[in-house]
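Colleague: This is the structure I want to talk about, given as structure tokens.
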Amino acid sequence: MEKEVSRKRRVAILGSTGSIGRQALDVIRQHPDRFEAVMLSANNSWETLCAQALEFHVKDAVICNREHFGKIRDALSGHGTSVSCGMDAVCRIVSDPEIDIVLTSMVGFSGLESTVAAIKAGKTIALANKETLVAAGGIVTGLALKHSASILPVDSEHSAIFQCLQGAHGAQVEKIHLTASGGPFRTWDREQIAAARKEQALRHPKWKMGSKITIDSATMMNKGLEIIEARWLFDVAPERIKVVVHPQSIIHSMVEFADGAVIAQLGHPDMREPIQYALGFPERLGLSSRKLDFASVGTLTFFDPEPDKFPALGLAYEALEKGGNMPCIMNAANEAAVAAYLQDRIGFYDISDIISSCMSDGLFEEDPDIDAIFETNREALALAGEKIDRLSGKTVTDNFQH
Ligand code: MG
């Protein structure tokens, strides 16, 4: 019998000029018969967005920063792409009936609004923006259920867990083993880490990613965010989510079942694989990538995380346990602190100190709605900003005195 030819999946990529967005376009480039990019959005990189829109002949291109609107509109004029600007345009256009899948790969909390808009339009979400589930996990998963929108993970660990669960037939998950590379400071001692400059923190041993997530990997807050993301994606209690440091990053995560059997998903670190799995789900397509040769890998090693060196992990469990808007406070404080660290305004351990202090001082709400989450984010950013100002003022004085 002749196989039915499936229609191309029409993909919107929010954050198409970032690391995930560019790799998603590479997947689409490899499968022009299966996928079609129809909408692209970017925050600031209008020239890259423009080149992408021309290459993929997309229907819509949206630049969030209004300053660049005129330039990209002129550059794309007459090419069949309509150009819009602003987050409200992104939120409006994602509901276009011509879009099947929305890949959310914006950075940080800024992804929440458009992800919610796509869910409300019943789109399939390929979720690369973990902060959405960190800040508003219960609300977002509730909306997805209400609007019959599937959320497919793109984060490599969560894609691994999702893949391990295929064929589990709803079996009770005993434990999720979330693997962590350990980041660039895994073998450093606390004093060395305390003095780490951003150039060192930005040198991730295994994954090439954007600067925010790379700093999150160095502090291990990335793993903290992923614990919360896993809790919501797989509806698993926090005490069943365990982090294991695995420096080779070959095992991307594992699921343990009641009988003690552990299923793992393996591969060389390459984000195109989880991106493609989400876009093509439930089918597996070919990918021109480096394949595993076990003999040349040789050894896989595992370690317990070191909470004294990486306090962010404990903060994430604490925020998850507290619930309500606490993960949102934690996430906002982290975003502000990471930005300040990247501007050389604060030291490495100031990041976790600021998060911890915002979690103590922030206004806790047990059952926030989506508006309250936006309000919490604003307040927590402001609170973290004050703490950063005080701290960076002090750091300058200290340096001056020494
Ligand atoms: Mg990850």
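Heads up, the Cβ atoms here are built off N, Cα and C, so glycines get one too.
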Colleague: Among SER84, SER95, SER105, SER181, which residue does TrEMBL annotate as binding 1-deoxy-D-xylulose 5-phosphate together with LYS130, SER156, GLU157, HIS204, SER217, ASN222, LYS223, GLU226?
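Modeller: So, going by the record in TrEMBL, that would be SER181.
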Colleague: Just to be sure I read the record right: THR17, GLY18, SER19, ILE20, ASN129, GLU131 are listed as binding NADPH in TrEMBL. Which of GLY183, GLY210, GLY224 is listed for the same site?
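Modeller: It is GLY210, as the record lists it for that site.
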Colleague: Please list, in sequence order, those binding-site residues from SER19, ILE20, GLU157 with the Cβ less than 6 Å from ligand 1.
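Modeller: Cβ < 6 Å from ligand 1, in sequence order: GLU157.
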Colleague: I'd like the number of other C-beta atoms within 10 A of the C-beta of SER19 (NADPH binding site), please.
Modeller: 19
Colleague: Under DSSP, is ILE20 (NADPH binding site) part of a helix or a strand, or is it coil?
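Modeller: Helix, per DSSP.
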Colleague: Using a 10 angstroms cut-off on Cβ to Cβ distances, just flag whichever of THR17, ASN129, ASN222 is the loneliest among these binding-site residues.
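Modeller: So among THR17, ASN129, ASN222, the binding-site residues given, the one with the fewest Cβ atoms within 10 Å is THR17.
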Colleague: Long-range neighbours only, meaning 6 or more apart in sequence with Cβ under 8 Å: which ones does GLU157 (1-deoxy-D-xylulose 5-phosphate binding site) have?
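Modeller: Once residues fewer than 6 apart are set aside, GLU157 (1-deoxy-D-xylulose 5-phosphate binding site) is near LEU178, THR179, GLU226, ALA230, HIS252, SER253.
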Colleague: Among the binding-site residues listed here (LYS130, HIS204), identify the one with the smallest other-Cβ count within 10 Å.
Modeller: HIS204
